[in-house]
Amino acid sequence: MTITTPVRVDRDRAVSAVRELLLAVGEDADRLGLLRTPERVADLFLDLFSGLGVDPASALGAPVALTENEQPGELVGLTGIPFRSVCEHHLLPFEGTVDIYYAPVRHIAGLSRIATLVELAARRPQLQERLGQQIADALMAVLRPHGVAVRIEAAHGCVAHLEPSAASARAITVATVGTIPDATWRLAASTHPAS
């Protein structure tokens, strides 16, 4: 697992860039309603991108080793984990839920650490497909299970804005690594689909 240093942020440059964008689209960046907008937008994006430069797997910490007498079960799942991220194509938000299942061998992770992994992976310009794969890869690298499956269901601001007739559409992606018995995965996915 690689723990990296968060990206150094140039807040002043971000504020200037937002102000310049307002001017570029013909707005008066000095009018009363927009005076603090560059700072607000810059701070919002700095928060939304706070996971940049940090390996999402670092959220898992050290895995919990199971003893010979402990049986982890065939599948461990954590479902309905809320997240929000920003689409890297249009810098508009997308948000939804993540369902994670893994088939442990000798290690498990604390459930709250899995939720933190999702949050950290989402805090960057992202694609839904990549987000699921990054989560699956992190769990596989740290826990070394038989397999991992990550299902994400999300609404995308860019879809709602660019195609209003699809405003209520939700994208579903599934990322898998390793092997999970088909019957077990189907049962888990059908008994608790993302909402």
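Any Cβ shown, glycine's included, is placed from N, Cα and C.
According to TrEMBL, the protein carries these features:
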type    : residues       : note
BINDING : C87, H90, C158 : Zn(2+) binding site
DOMAIN  : 16-181         : domain 'GTP cyclohydrolase I'
C87, C158 as binding-site residues, winner by CB count within 10 A: C87
Packing count at H90 (Zn(2+) binding site) (other Cβ atoms within 10 Å of its Cβ): 14
Beyond the site residues C87, H90, C158: chain residues whose C-beta lies within 8 Å of the centroid, for Zn(2+): V86, E88, H89, L91, L92, F94, H156, G157, V159, H161, L162
DSSP state at C87 (Zn(2+) binding site), helix/strand/coil: strand
